[in-house]
Amino acid sequence: MATVTRLCVTKSVPTVNGQFPGPKLVVREGDTLVIRVTNNINNNVTFHWHGIRQVRSGWADGPAYITQCPIRSGGSYVYRFTVTGQRGTLWWHAHFSWLRATLYGPLVILPPRGVAYPFPKPHREVPLLLGEWFNADPEAVIKQALQTGGGPNVSDAYTFNGLPGPTYNCSSSNDTFKLRVRPGKTYLLRLINAALNDELFFGVANHTLMVVQADASYVKPFAATALVISPGQTMDVLLTAAANNPPSRSFAIAVAPYTNTVGTFDNTTAVAVLEYYGAATSAAALRSLPLPSLPAYNDTGAVANFSASFRSLASAQYPARVPRTVDRHFFFAVGLGADPCQSPVNGTCQGPNNTRFAASMNNVSFVMPRTSLLQAHYQRRYNGVLAANFPAAPRTPFNYTGTPPNNTFVTHGTRVVPLSFNTTVEVVLQDTSILGAESHPLHLHGYDFYVVGTGFGNYDASNDTAKYNLVDPVQRNTISVPTAGWVAIRFVADNPGVWIMHCHLDVHLSWGLSMAWLVNDGPLPNQKLPPPPSDIPMCS
């Protein structure tokens with residue numbers, strides 16, 4: 001724990017090595033990481049290395065009760081894994097309850113020595129973590145929401161590398177992140193959306209950004225003045241400073257929310273400063289810097305246009321290995337729902353019409369087990385732990401983006417999809433209008449996937465499949481299901497283990513918006529899950 005003050009609120013927060021945000025890990029493609037975690041806080045905790053493929057090292061993936069039991073207070077665990085075939089910006093964070101509000105940091109993977117970037121070498125590289133600050137304890141926030149059945153209280157500020165900037169009350173220039181640049185130099189900004197519950201627009205006043213990478217996968221470079229980045233996603237962008245010192249030497253860097261939710265959200269703008277060397281921006285000047293032009297908070301069209309710009313390099317050195325044929329097709333309806341008010345607080349529940357908020361895929365709200373699914377799978381002890389019958393499509397189809405059905409109640413279960421090794425998979429993720437259509441950033445553990453198609457309205461297999469991009473689709477580990485729309489992804493199930501796929505809005509994850517893939521061993525020794533480490537935490 002460390003004492004941190006933001007917005008005139010001083011509190012003790014969980015940290016890694018006393019740092020908020022946590023320490024930067026810099027490795028090279030091919031390195032093996034050995035990270036010993038000792039839990040000195042009162043909560044259980046686990047850590048996830050977000051975007052690392054964990055090839056045959058699922059025991060190190062980190063989601064609580066999926067690949068391991070939590071590290072108890074006073075306990076420790078060694079995460080050991082090798083970075084295989086990946087380079088770029090990823091990140092690490094706690095994967096238990098809402099602890100990742102302060103337990104997060106960058107994970108930078110450099111190319112092997114002697115291998116250049118497929119874009120101009122930058123003068124400097126700068127990790128930029130976009131987060132949320134809660135004056136209250138985030139653990140108390142989600143606990144209260146789950147008790148009452150309503151939505152959680154929203155954050156009090158957005159942050160750049162843990163700093164909220166000058167636009168908030170009781171936030172000084174000392175709480176403002178400053179990026180100092182030299183004229184004519186190019187900087188690689190390694191953007192990470194570490195916010196708990198908000199997709200964010202990002203921009204730099206009077207500067208154009210060149211997007212070169214997404215989720216540690218190179219993309220065909222494209223220019224943009226406003227970006228959108230979802231929780232869990234990373235984005236590498238090049239910023240070139242003006243060749244000569246401009247008349248004004250300080251420029252606002254801003255983030256603001258993108259949302260279509262019908263509920264409350266943190267509708268504030270956080271500011272950092274791009275400062276040319278030699279400038280000295282006063283506190284008063286910081287507050288009056290012109291902001292970059294960002295889309296309106298609900299501008300889904302701007303988000304769609306930006307998202308459509310991403311294409312893989314698809315070069316000889318970095319090919320796009322898109323599955324052309326598919327062994328198994330899945331259609332997941334993704335959205336909110338409700339539970340009956342069986343445990344009222346003060347006689348009522350605070351969800352819609354005296355219900356409790358829930359979330360689901362194919363109307364199954366995921367129930368977190370009390371033991372590790374990977375351990376149960378390795379020991380083949382499934383009874384009472386999981387059911388291998390997650391539905392491949394909704395049991396009762398409906399007009400997903402039209403008038404919602406009258407019955408909004410969800411079912412519950414720890415249900416998984418079993419896959420044979422090397423199965424090629426296509427998943428269509430369809431947003432629903434139940435309790436309001438909204439974007440859902442879905443993250444798949446253990447894999448990258450290709451985003452082969454997207455659109456608005458209800459997915460139509462007879463027409464939409466023909467529009468797929470099977471040449472140079474972007475490769476990601478986290479993708480937002482468009483508001484009132486759909487997205488199609490493909491991957492090859494060549495990594496044995498149990499891999500959760502979940503919404504990276506933590507409130508939706510808390511309400512059950514997740515499922516898991518159980519990928520069986522292949523026939524060869526290098527296609528099998530190794531035994532668990534001797535120090536893996538036990539649940540009982």
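Just so it is clear, glycine is given a Cβ too, placed from its N, Cα and C backbone atoms.
What you are looking at is a predicted structure, and each value in this text was computed from that prediction instead of being measured.
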HIS445, HIS502 show up in Swiss-Prot as binding Cu cation 3; which entry in HIS95, HIS123 does that record put in the same site?
HIS95
When DSSP is mapped onto helix/strand/coil, what comes out for HIS95 (Cu cation 3 binding site)?
coil
CYS503 (Cu cation 4 binding site): nearby binding-site residues from HIS48, HIS93, HIS443, HIS445, Cα cut-off 10 Å
HIS443
I'd like the Cβ neighbour count for HIS502 (Cu cation 3 binding site), meaning other Cβ atoms within 10 Å of its Cβ, all protein chains included.
26
Nonlocal neighbours by CB distance (under 8 Å) for HIS50 (Cu cation 2 binding site), same chain, sequence gap 6 or more
LEU90, TRP91, TRP92, HIS93, LEU107, GLY232, HIS443, ASN477
Cα-Cα separation of HIS508 (Cu cation 4 binding site) and HIS502 (Cu cation 3 binding site), in Å?
9
Taking DSSP H, G, I as helix and E, B as strand, the domain 'Plastocyanin-like 1' (1-114) contains 6 helix, 52 strand, 56 coil
Give me the non-local Cβ neighbours of HIS440 (Cu cation 4 binding site): same chain, 6+ apart in sequence, Cβ-Cβ under 8 Å, ordered along the sequence.
VAL334, GLY335, LEU429, ASP431, SER480, VAL481, CYS503, LEU505, HIS508, LEU513
Specify all same-chain residues, apart from the site residues HIS95, HIS445, HIS502, whose Cβ lies within 8 angstroms of the center of the Cβ atoms of the Cu cation 3 site, ordered by sequence.
HIS48, ASP61, GLY62, PRO63, ILE66, HIS443, ILE500, MET501, LEU509, SER514
